[in-house]
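A short worksheet on the structure shown next.
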Amino acid sequence: MGPLWLDVEGCELTAEDREILAHPTVGGVILFARNYHDNQQLLALNTAIRQAAKRPILIGVDQEGGRVQRFRDGFSKIPAAQLYARSDNGTQLAEDGGWLMAAELIAHDIDLSFAPVLDKGFDCRAIGNRAFGDDVQTVLTYSSAYMRGMKSVGMATTGKHFPGHGAVIADSHLETPYDERDSIADDMTIFRAQIEAGILDAMMPAHVIYPHYDAQPASGSPYWLKQVLRQELGFQGIVFSDDLSMEGAAIMGGPAERAQQSLDAGCDMVLMCNKRESAVAVLDQLPISVVPQAQSLLKQQQFTYRELKATERWKQAYQALQRLIDAHS
């Protein structure tokens, strides 16, 4: 597997998609709502992606729940993370949410959902109800349960957005936010605890600048990724960049410069989404390399959607989560 994640055009592969997927620098494909029409089509698309790559490749999606759920019709509704803490049995429901989300993706030959959000607080426009809580203990309690659910069915976990995106109001999809606080120790407590618990397989840093600490966005900062994440916190898993086509990454230069800076800073894999010319520029200019440890993120189970929906576990989780959503809609 190479270090670059990119997207494909639609519900079926184009000739250009196939050519690009065969490039050795490509290590992953991230899917969007436009890639989904129905369950059978999605399964066929993922089979075609793996065949075109001619080698192991990761397939991922943002399917964390609430407003960030790319596949809707034909999939169970997953609650927004904020809802779990509002229920008496929220810990079990959070575990059900992680399990159900992961199981349904695995049944469609998808390896990863980039989840969960470990950011604290609801004020940031980009985060909002994607956060599990606005205090450290609430985030730890419910994110841990959600990740237990994911891992129990064979999906790796990705914590985001290190070292904490929740306190900035600006949206890093649209601009580069600055977190002007003197200390982000509270936010860091969450990431530290989940690393020490050994429950995180991958990490996604924020396109946020913390000027009190460093002048670069965390996603392109050796200080945050090498010194803090790797050395001080001892994180051993895969580090993804967030989408480098987002405006929050523009401060790092053009597409190839962004990718190279992120890799040099300590990212293992980089995402370049929804701008094909940018992805091609990275393929053309990035030296060919492999990320052997990324194979550990491939899904650990295999079953069909029909088999999954026939289980009592699926029926119980589906009904419990639907009741939670209905109670707060």
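Counting begins at 1 with the first residue displayed.
Glycine too: its Cβ is placed from the backbone N, Cα and C atoms.
With ARG70, ARG130, LYS160, HIS161 listed by Swiss-Prot as binding substrate, the candidate from ASP62, ASP123 annotated for that site turns out to be ASP62. Farthest C-alpha pair in the substrate-binding residues ASP62, ARG70, ARG130, LYS160, HIS161: 19 Å apart.
Summary: among the binding-site residues (ARG70, ARG130, LYS160, HIS161), the fewest other C-beta atoms within 10 A of the C-beta are counted at ARG70. The recorded positions in question are ASP62, ASP242, and the one with the fewest Cβ neighbours inside 10 Å is ASP62.
Reported as a whole number, the C-alpha separation between ARG70 (substrate binding site) and ASP242 (active site, nucleophile) equals 17 Å. The distance from the Cα of HIS161 (substrate binding site) to the Cα of ASP242 (active site, nucleophile) comes to 8 Å. In the three-state DSSP scheme, ARG130 (substrate binding site) is classed as helix. Taking only the Cα positions, the spacing between LYS160 (substrate binding site) and ASP242 (active site, nucleophile) is 9 angstrom.
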